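J.: According to Swiss-Prot, the feature ATP binding site maps to Lys9, Leu10, Ser11, Gly12, Gly52, Arg56, Thr159, Tyr165, Asp168. What Swiss-Prot lists as UMP binding site is Gly51, Asp71, Cys132, Gly133, Asn134, Pro135, Phe136, Phe137, Thr138, Thr139, and the listing cites sequence analysis.
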Amino acid sequence: MTYKRVLLKLSGEALMGDKPYGIDPAIVQSIAEDVERVIANKVQLAIVVGGGNIFRGLKGSADGMDRATADYVGMLATVMNAISLQDGLERVGVETRVQTAIEMQEIAEPYIRRRAMRHLEKGRVVVFGGGCGNPFFTTDTTAALRAAEINAEVVMKATKVDGVYDRDPNKFKEAKKYSSLTYQQVLSDEIAVMDSTAIALCKDNNIPIMVFDIFKKGNISRAVAGESIGSLIS
């Protein structure tokens, strides 16, 4: 089953590649080429991008910053990533619009739901930056919110691991990978795949979540085509 309208969540860390900080142009190009294949198959694609490769609000708060202030700095980091992603996508011929929850008229459109949906209908990729515009909400929650708003069929969380595990596979060799699990299981067992607000929002709106490895070339188009390449939460 090929999905028709997809919300792709890219973590900021995914854009780092093997770098300790910032954006790896090779990773952006690889993502852009994969997205180009998705768009060529007439799939409508919106992207929410994180900012953890540049600044993470929770860490800033832990280091002594006011939490709301730290979150706003994190939102600005997501806009930097969104513009970089737009550049990469347009280099491979994918028409792209950036919409931000905090107005920055010189560099991006403001987030307007109906306009975003119209862009999708015209075959453009829409990259959402600036989180949801409010502190105390993660970009995972933004992904769930935007998916509900644009009537996406699925949230695809592209990350550093190849699915959902019962514990950190980088720390525990015996970690068990789930091929599928329920929203309630994630919430009850406090499985660290997305924050509870994001999971609950997807649960309330019956939007499945697919978690897969972004670093394996071609995985975005495989996920959109419905291949079982990661873990499915529903």
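Counting begins at 1 with the first residue displayed.
The backbone N, Cα and C atoms fix where each Cβ goes, glycine too.
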J.: Going by C-alpha positions, which of the binding-site residues (Gly51, Cys132, Asn134) is nearest Thr159 (ATP binding site)?
T.: Gly51
J.: In sequence order, what residues of the same chain, 6+ apart, have a Cβ less than 8 Å from the Cβ of Lys9 (ATP binding site)?
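T.: Expected: Ile47, Val48, Val49, Gly50, Thr139, Asp140, Ala143, Val155, Met156, Lys157, Ala158.
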J.: Based on Cβ atoms within 10 Å, give me the single least packed residue among the binding-site residues Gly51, Gly52.
T.: Gly52
J.: Nearest by CA distance to Phe136 (UMP binding site): which of the binding-site residues is it, out of Ser11, Gly52, Asp168?
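T.: Closest by Cα distance to Phe136 (UMP binding site) among the binding-site residues Ser11, Gly52, Asp168: Gly52.
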J.: Can you tell me how far the Cα of Gly52 (ATP binding site) sits from the Cα of Asn134 (UMP binding site), in Å?
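T.: About 17 Å separate the Cα atoms of these two residues.
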J.: Any idea what the Cα distance is from Gly51 (UMP binding site) over to Ser11 (ATP binding site), rounded to a whole Å?
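T.: The separation of the Cα atoms works out to 7 Å.
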J.: Can you tell which of the binding-site residues Cys132, Asn134, Thr138 lies nearest to Asp168 (ATP binding site) in space, using Cα positions?
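T.: The smallest Cα gap between Asp168 (ATP binding site) and any of the binding-site residues is with Thr138.
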J.: Near Thr138 (UMP binding site), how many other Cβ atoms are within 10 Å of its Cβ?
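T.: Step by step: centre on the Cβ of Thr138 (UMP binding site), count other Cβ atoms within 10 Å, giving 19.
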J.: Taking the Cβ of Asn134 (UMP binding site) as the reference point, list residues of the same chain whose Cβ is under 8 angstroms away and which are at least six residues distant in sequence.
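T.: Sequence-distant Cβ neighbours: Ala101.
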J.: Work out the three-state DSSP category of Asp168 (ATP binding site).
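T.: Its secondary structure by DSSP: coil.
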J.: Using Cα coordinates, what distance in whole Å links Thr138 (UMP binding site) and Ser11 (ATP binding site)?
T.: 11
